[in-house]
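Residues or ranges marked as oxalate binding site by TrEMBL: N82, N92, H97, E102. The Mn(2+) binding site annotation in TrEMBL covers H95, H97, E102, H144. Here TrEMBL flags 44-195 as domain 'Cupin type-1'. If you look up TrEMBL, you'll see 1-20 marked as signal peptide.
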Amino acid sequence: MAGKRTAALLALVFLGSAAAQVNLNTAQFETEAAQRDQFGPEAFQFDFPAVAANTAAGSIRNMDLGSNPFLGTLPHGGLAQNEDVFSPCTINVPHVHPRGNEIYYVIDGALEWGIQQEAGATTGFSTGNLTSGQLVVVPQGLLHYVYNPSCSTTRLLQFWDNSDFGTVIQYANIVNNFPVEVLNAFTGLDASEIEVLKAAVPKPTGAITQGSICLERCGVAPTPTAGK
């Protein structure tokens, strides 16, 4: 009897697998060429000036899956690029990209970078400075920032090997979204101190902002809407 039950169960599993296989074979798939044909030849070209810029502390113009769906037709995750202008004292706040390696390339100006390695790495935190014609590579998933510490404008490009690289802004999300008891457990701050911290750290509304210490050193006023 047990043998018959086992055979019956195996038959059901086999039939279920076969049915799933048939459904898979009858599903409709498109080749990459067919996907690209839906966009037309003009999709091979992209116009950065036509993209609305984030004006806080400079500008960031995005060419990613959101602004250019054509990138979704590219193999191996596609690619993405930003064209940036950082006003004096502008920082691209600490963040991670969960689905993409990144390159920052300086066209002209100065740029400081910092990368936090993963647990177990002997180097820990790394930092450096770039000038025109130099770049830094940021591995996927590592916490990092870039910063224009100068009193002049910096122009740069960002590249990713994924059109949907994703961004998580770390510090503000931790402070604003994590429960008070969790923040107390790993900071040692009491509830009242945590509330002061939450009030001092605004929720992130953009990727770039300006530092008041640097602005004072440079003797320049904040860029309108910076950090808002």
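For all residues, glycine too, the Cβ spot is worked out from N, Cα and C.
Just so you know, TrEMBL annotations are computer predictions that nobody has curated.
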Inset, instruction - Would you list, in sequence order, the residues of this chain other than N82, N92, H97, E102 that have their CB within 8 A of the centroid of the site's CB atoms, where the site is the one recorded for oxalate? - result: H95, Y104, V138, Q158, W160, F165, T167, A207
Inset, instruction - Just report the maximum Cα pair distance in Å for the recorded oxalate binders N82, N92, H97, E102, no decimals. - result: 14
Legend entry - Inter-residue Cα distance where the pair is N82 (oxalate binding site) and H144 (Mn(2+) binding site), in Å: 16
Inset, instruction - Other than H95, H97, E102, H144, which residues of the same chain sit close to Mn(2+)? List them in sequence order, counting a residue when its Cβ is within 8 Å of the Cβ centroid of the site. - result: V96, G100, V138, L142, L143, T167
Legend entry - Which listed residue (N82, N92) has most other Cβ within 10 Å, given these are binding-site residues: N92
Inset, instruction - Average the per-residue pLDDT over the domain 'Cupin type-1' (44-195) and send me the rounded value. - result: 93
Inset, instruction - Just jot down the residues in the same chain as H95 (Mn(2+) binding site), at least 6 apart in sequence, with C-beta under 8 A of its C-beta; none if empty. - result: L143, H144, Y145, T167, V168, I169, Q170, A207
Legend entry - Collapsed DSSP category at H97 (oxalate binding site): coil
Legend entry - DSSP three-state assignment for N82 (oxalate binding site): strand
Inset, instruction - Restricting to the same chain and to sequence separations of six or more, state which residues have a Cβ under 8 Å from that of H97 (oxalate binding site). - result: V138, Q140, G141, W160, F165, G166, T167, V168
